Amino acid sequence: MGEIISKVIPIFLLIALGYIIKQKNLVKQESMDELKNGVINIALPALLFITFRDMTLKKEYFLVIFIVFILLIILYNIGNLLNKIKYIAHPLVPFIVTSFTFGLLGIPLFSSVFGVENLEKISIFGVAHEFFVWFIFYTLLKMKFNNERFSIHIIKGFLTSPLIISIILGLLLNIMNIEKIFFENTFFIGVDITLNYLSSIATPIILIIIGFGLKINKIYIKQSMKLFLIRIITILIMGYIFKLVIINKIITNDPLFDYAYFTFLILPPPYSLSIFVDKYANREYSEIANNVVVIHTIACIIIFVLFVLTFVGDNLY
C-alpha cells in the first residue's frame, strides 16, 4: 500500500504546482498553451509510438477497439435520447456524454501508477477514441452548431495528427516485426533513447498543465454539475453493460485491462470541447463545457486515487 501511495502523491503535487503557477502568475497563459502544444505534438506522440511499437499485439485488442468505437457512437445517441427529457435537455448533452481526455489525462494517470510498460492496456481504447473524435465527434459538433458537413479537411487533420502518425508508425513496426532495429542498430538505439527522453517528460508536464487550467465559472456551476452527473452516470452504466455482456468474453483474467477500462470510463470530456463550443456555438455554452471538464477532471483524479487505494493496493505488486 505504501508503494501505491507514493505513486499517487506526485499526481496531486504536480497538479497543485500547476495551480500555484497560475495563481502566482509565474507563467503566462500563452506560454502554457505553447507548452501544451509541444507536449501534444512531440512528447505524447513519442510515448504513444514507444507503447504501440513495444506492445504485445493480440487479435482480441483489434476487436476491443471496434467495440469501444461502437460504444462511443451509442453514447452519443443516448445523449440525443436524454435530450428528449425536459429536465435533462441541453444542446451540449450528446457531446458531454461521449469522448474523453485520453491523451492529456488518461495516459498520465494510468502510467503514473501502473507504469509506462503497461500503457498498452489503456492505449487500445485510445485508438478507438481517436477515430471517433476525428471522424464523428467534431463533425457532429460542427453540424450541430455551425451547420457544417463532413469535409476533406477532417481526413487531412486526422492523417497529419502527430498522435495518429505515432500510433500508426508504432503499429506498423510492431506488425512487420522490425521494431528490434531500435535495439540492434547504433543509430536507432540513439533514436530510441531520444524518444524515451521525450516521453518521460509527458506525464509531469501534462499534470502541471491540468493544474494550471483549473478554473470554474461560478455562474454556471449548477447546470455544469447536472451535466457532469448525467455524463458519469450514463458512461459508467453503459460502459459496464458493454463490459459484462461483450468485452469480458473477449478479454479474460487481465486485472490491468480492467483497471485501464475503469480509468478510461471516468475520464472527463476532451479539454478541447470548450474551445470548439466557443468557436461554433456561444460563450455561455463554452463556459458550461469548460466547467464540466474542470469539475470532471477533479472528480476523476479523486475517484482514480480512491479506486487505486481501495481495489488495487498491493495486488499490483
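The backbone N, Cα and C atoms fix where each Cβ goes, and this holds for glycine too.
Pulled from TrEMBL, these are the features on record:
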TRANSMEM  6-22  transmembrane segment
TRANSMEM  34-55  transmembrane segment
TRANSMEM  61-79  transmembrane segment
TRANSMEM  91-110  transmembrane segment
TRANSMEM  122-141  transmembrane segment
TRANSMEM  153-175  transmembrane segment
TRANSMEM  195-216  transmembrane segment
TRANSMEM  228-247  transmembrane segment
TRANSMEM  259-277  transmembrane segment
TRANSMEM  289-312  transmembrane segment
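Take the transmembrane segment (91-110) and the stretches 228-247, 259-277, 289-312: counting Cβ pairs under 8 Å, 259-277 has the most.
A contact between the transmembrane segment (228-247) and the transmembrane segment (153-175) is absent, since fewer than 3 of their C-beta pairs, 6 or more residues apart, lie under 8 Å. Relative to the transmembrane segment (195-216), the listed stretch 34-55 leads the set 34-55, 61-79, 153-175, 259-277, 289-312 in CB pairs under 8 A. Just going by CB pairs under 8 A, the stretch in 6-22, 153-175, 259-277 that sits most against the transmembrane segment (34-55) is 153-175.
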